[in-house]
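One structure is given here, and the rest of the page talks about it.
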Amino acid sequence: MIKLENLTKQFVQKKGQPLKAVDNVNLNVPEGEMCVLLGPSGCGKTTTLKMINRLIAPSSGNILINGENTNDMDAVTLRRNIGYVIQQIGLFPNMTIEENITVVPRMLGWDKARCKQRAEELMDMVALDARKFLHRYPKEMSGGQQQRIGVIRALAADPPVLLMDEPFGAVDPINREVIQNQFLDMQRKLKKTVMLVSHDIDEALKLGDRIAVFRQGRIVQCASPDELLAKPANEFVGSFVGQDRTLKRLLLVSAGDVTDQQPTITARPSTPLSEAFGIMDDHDIRAITVIDNDGKPLGFVKRREARNASGICADITHPFRITGKAEDNLRIVLSRLYESNTSWMPIVDEDGRYNGEISQDYIADYLSSGRTRRALNIHENS
């Protein structure tokens with residue numbers, strides 16, 4: 001865990017005037033989570049990051065890593081236990097890729113075989129052929145490949161904490177997305193505590209478990225990506241995340257988040273049509289989903305067809321043209337609804353059981369209601 005307590009950094013300008021680059025910042029990043037420090041240039045993000053591994057000394061306040069105050073730690077030992085990734089990559093041009101990756105492990109006394117094995121493991125994580133690249137030098141690799149090496153080098157000694165200062169900023173958009181996706185896959189497996197600096201709202205929304213928005217050295221809001229978009233704290237945050245923030249939420253909210261807010265109303269194949277009609281009439285719905293004994297959707301019965309009809313639901317059940325998964329984001333769901341020219345569809349869990357229904361109206365209601373997918377226990381500045 002990373003904990004910042006009243007962290008402040010004050011510089012003296014050329015004319016002798018004091019300037020608070022970081023002003024009384026309080027922030028908790030739980031173990032295994034990624035927090036993105038987001039804001040415009042000069043707002044204190046990078047200064048905050050550099051104080052964590054003591055590249056810059058704080059003017060006041062405390063930094064705790066897993067409960068230990070960094071002021072009480074040897075600076076060299078501290079840095080060897082923190083992975084650090086910068087935009088400029090910083091690979092050593094006179095070292096091979098293997099030597100670059102294993103700089104810190106070799107400092108820690110790892111033997112050659114262990115270093116090589118670790119380098120091969122990390123190369124595999126970013127889809128680079130170890131046999132092809134480990135003996136090469138940085139100049140023999142593309143910019144995107146070098147950036148991958150910069151990321152895995154920071155992970156070589158398996159540090160619990162990773163600091164990243166705009167790590168993907170110098171890469172072209174196509175490579176950036178690939179590297180971001182690879183890094184997310186690694187993070188899901190490794191569960192490092194990560195603090196990442198960015199000025200890109202889309203990158204922050206994609207990568208962060210939580211986002212701390214900086215302005216003039218202070219945190220003005222710290223929230224989950226979905227909450228940040230749904231409930232910006234003030235006009236500055238709202239303008240920074242963009243006027244299309246509701247559309248951005250489509251990528252963050254899952255179908256299951258929406259169906260969890262809706263009543264689950266179903267019938268069985270053997271349910272009398274008169275009973276099914278009564279249920280639909282009571283809840284003012286135009287159709288009811290029919291499920292089997294395992295809870296899997298078989299189709300639906302229309303209210304107008306069940307009115308005054310005899311028999312059971314199985315007699316007039318219409319099969320579904322499409323179904324969605326609970327983990328699908330709303331962008332995928334909307335796309336499938338539009339492609340199929342239908343207004344609603346059933347959502348199923350990983351075992352294929354009925355989870356509820358989702359419609360264009362439900363999605364609009366959810367996004368406009370201000371509800372968020374989860375609440376985080378976040379300590380932010382007042």
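Glycine too: its Cβ is placed from the backbone N, Cα and C atoms.
Feature annotations, reproduced from Swiss-Prot:
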BINDING   Gly39, Pro40, Ser41, Gly42, Cys43, Gly44, Lys45, Thr46  ATP binding site
DOMAIN    2-241  domain 'ABC transporter'
DOMAIN    258-320  domain 'CBS 1'
DOMAIN    322-373  domain 'CBS 2'
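Structural mapping of features recorded in Swiss-Prot.
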| residue | record | Cβ within 10 Å |
| --- | --- | --- |
| Gly39 | ATP binding site | 26 |
| Pro40 | ATP binding site | 13 |
| Ser41 | ATP binding site | 7 |
| Gly42 | ATP binding site | 12 |
| Cys43 | ATP binding site | 22 |
| Gly44 | ATP binding site | 24 |
| Lys45 | ATP binding site | 27 |
| Thr46 | ATP binding site | 20 |
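Mapped onto DSSP classes, the domain 'CBS 2' (322-373) shows 20 helix, 14 strand, 18 coil. Same-chain neighbours of the ATP site beyond Gly39, Pro40, Ser41, Gly42, Cys43, Gly44, Lys45, Thr46, judged by a C-beta within 8 angstroms of the site's C-beta center, are, in sequence order, His199, Phe214. Looking only at the domain 'CBS 1' (258-320), the predicted model's pLDDT averages out at 94.
Residues in the domain 'CBS 1' (258-320) partition by DSSP class (helix H, G, I; strand E, B; coil) as 21 helix, 16 strand, 26 coil. Under DSSP, Thr46 (ATP binding site) is assigned to a helix (H, G or I) in the three-state scheme.
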